Amino acid sequence: MMFGGYETIEAYEDELYREESSSELSVDSEVEFQLYSQVHYAQDLDNVIREEEHEDRNSGNSESFSSKPNQKNLIVLSDSEVIQLSDGSEVITLSDEDSIYRCERKNFRVHAKEKTQGSPASLHSNDLADKKCKRDIEKSKPGERSGTIQEVMIIEVSSSEEEESTISESDNVESWMLLGCEVDDKDDDILLNIVGCEKSVNEGEDDVNWFISDKDIEAQIGNKRSSGRWTHRYYTANKNVTCRNCDKCGHLSKNCPFPQKVRPCCLCSERGHLQYACPARFCLGCSLPMSSTHRCLERASWRKRCDRCDMIGHYADACPEIWRQYHLTTKPGPPKKPKTPSGQSTLVYCYNCGQEGHYGHECTERRMFNQTFPTSPFIYYYDDKYKIRERDQRIKRKVKELQKNGDLPRKFKRPHMEAADKRPRDIRTSHASWKNNRWPQEKKETQKETMSRNMREREKHRKAARCHEDDEDFPRGPRVHSTPGTSKTQKPHKPFHHSSHYLKPREDRLSKEGKRGKHKKKESCVGEDSNDNLFLIKQRKKKSKL
């Protein structure tokens with residue numbers, strides 16, 4: 001019942017295709033060989049099909065055609081010279097009489113109850129020298145009966161091998177076009193039967209229509225050119241690509257003309273050394289900075305067990321759950337707790353083995369990285385402010401013990417941070433921070449320096465006071481007589497070598513020197529009136545003579 005009442009599929013095919021017998025398989029193999037030997041590659045099939053449909057519609061405007069849509073194609077195969085396709089899209093005609101492989105496809109009208117007349121040899125006797133497959137569309141006559149427009153493909157097979165070899169060379173039929181042939185050196189100059197592209201493969205690279213990705217067009221990445229002068233041009237067109245080596249636009253890091261940068265350290269981000277030679281590396285056991293005399297006093301990590309998450313490799317004060325509990329917190333203070341406890345998801349996968357049913361920290365197979373122990377991704381409980389305060393106090397006590405024993409070295413400073421610290425800042429803030437950031441050993445040295453500075457200042461003040469007393473004992477200028485109306489007394493002039501004179505700014509000094517000149521003029525006027533000071537009078541006479 002599977003084959004419509006026929007015993008075998010061969011009998012069903014014989015009845016379907018109206019063949020007398022299916023014992024001769026040579027005809028089918030020859031047809032298959034000839035069909036596969038003439039393979040045509042199409043590029044723009046949509047445009048070609050639209051053109052054919054448009055031409056079919058134009059030819060159909062002259063007459064009305066009647067066709068049955070549900071009628072199946074009937075293929076007639078026989079040992080005679082004609083093979084017909086009735087009510088189908090194509091008619092294929094094969095013959096073994098002529099000399100070459102030829103192919104023609106024609107659109108013509110096929111009547112419902114007519115047979116094709118004439119031998120296929122007579123149809124192509126005048127076209128033996130053609131090189132390509134031709135497609136001719138013939139318009140039907142207005143007096144013909146109603147039918148359908150179909151295509152006819154006629155393939156003629158040669159009988160002699162010599163004619164086949166000579167004509168195939170003239171028709172550009174290479175050995176690669178035939179099934180079962182090996183690759184030939186002459187296959188470079190191949191003219192493909194490509195619809196929509198009439199260019200050969202071996203044409204220049206500028207003439208080949210290659211397809212370029214849209215991402216490559218947007219990036220506009222240029223290959224590295226052979227000449228060196230092109231790489232140094234500052235007006236290159238490709239400006240939207242940034243180099244990771246020199247941070248300039250226009251090229252990639254592999255095409256950069258500058259030498260490659262040295263790889264930075266993953267611990268301190270400085271260049272010139274790697275992780276194992278870094279001065280800021282830390283101990284994996286105690287997490288303290290390592291030095292030449294460092295000795296780790298902590299227990300091995302596989303002997304540590306956390307009282308908080310019950311995992312191996314750390315203690316409760318270093319549990320990753322401490323920072324994981326802040327996943328909902330956005331303000332300073334204790335961590336925010338969720339209103340409803342989050343349940344575990346139904347889909348559980350392992351990041352270590354990739355299997356379903358368990359998490360990565362529960363996996364019993366070998367780990368990909370053995371330097372650290374796995375941790376739990378869940379939060380068992382949230383800390384309140386009292387527990388946070390207790391943990392901070394424990395950490396401070398531990399830091400004091402390390403400082404007391406000398407196990408905690410000085411803080412490592414990067415070179416760029418040290419250069420930033422050397423910039424001028426406010427004297428008060430720098431002095432306060434300088435006092436607070438010093439260690440006890442350095443405080444003793446600073447105290448000695450401050451004591452010596454204070455002693456020097458005291459000696460300067462003592463010398464200034466002695467000079468002031470000498471001026472009072474031996475006056476060199478006239479004394480100003482105080483008037484009864486003024487209660488203010490003039491202060492004695494300070495000597496020029498006083499220490500406070502150098503500490504004042506320059507503008508104040510200039511203004512005060514100007515005032516001193518005015519006071520001297522007034523004193524000279526007063527001295528002329530009173531003849532008490534004879535020494536000044538003698539000096540004036542000498543100056544006037546000179």
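Just so you know, glycine gets a Cβ as well, placed from its N, Cα and C.
The annotation region 'Disordered' is assigned in Swiss-Prot to 52-71 (among others).
The compositional bias 'Polar residues' annotation in Swiss-Prot covers 59-71 (among others).
Look at Swiss-Prot and you will find K131 (among others) tagged as SUMO2 cross-link.
The SUMO2 cross-link feature in Swiss-Prot is assigned to K139 (among others); the stated evidence is similarity to another entry.
What Swiss-Prot lists as SUMO2 cross-link is K141 (among others), and the listing cites similarity to another entry.
As annotated by Swiss-Prot, SUMO2 cross-link applies to K239 (among others), with the evidence given as similarity to another entry.
Look at Swiss-Prot and you will find 241-258 (among others) tagged as zinc finger.
The feature SUMO2 cross-link is assigned by Swiss-Prot to K254 (among others). K254 (SUMO2 cross-link) falls within a helix when secondary structure is assigned with DSSP. There are 11 other CB atoms within 10 A of the CB of K254 (SUMO2 cross-link), with all protein chains counted.
The zinc finger annotation in Swiss-Prot covers 263-280 (among others).
As annotated by Swiss-Prot, zinc finger applies to 304-321 (among others), with the evidence given as sequence analysis. Among residues of the same chain six or more beyond the zinc finger (304-321), those with a C-beta under 8 A of the stretch's C-beta atoms are 287, 361, 372-376, 379-381, 391, 394-395.
Counting every protein chain shown, the Cβ of K339 (SUMO2 cross-link) has 6 other Cβ atoms within 10 Å. If you look up Swiss-Prot, you'll see K339 (among others) marked as SUMO2 cross-link, on the strength of similarity to another entry.
According to DSSP, the zinc finger (348-365) comprises 3 helix, 2 strand, 13 coil. The zinc finger feature in Swiss-Prot is assigned to 348-365 (among others).
Here Swiss-Prot flags 402-429 (among others) as compositional bias 'Basic and acidic residues'.
Residues or ranges marked as region 'Disordered' by Swiss-Prot: 402-546 (among others).
Swiss-Prot lists K413 (among others) with the feature SUMO2 cross-link.
Taken from Swiss-Prot, the feature compositional bias 'Polar residues' applies to 430-439 (among others).
Distant neighbours of the zinc finger (348-365): 311, 374-377; these residues of the same chain sit at least 6 beyond its ends, with a Cβ under 8 Å from one of its Cβ atoms. Across the structure, K339 (SUMO2 cross-link) and K538 (SUMO2 cross-link) are spaced 103 Å apart at their Cα atoms. Per-class residue totals from DSSP over the zinc finger (304-321), listed helix then strand then coil: 4 helix, 2 strand, 12 coil. The local packing around K538 (SUMO2 cross-link), expressed as other Cβ atoms within 10 Å of its Cβ over all shown chains, amounts to 10. Helix, strand and coil counts from DSSP across the zinc finger (263-280) read 3 helix, 2 strand, 13 coil.
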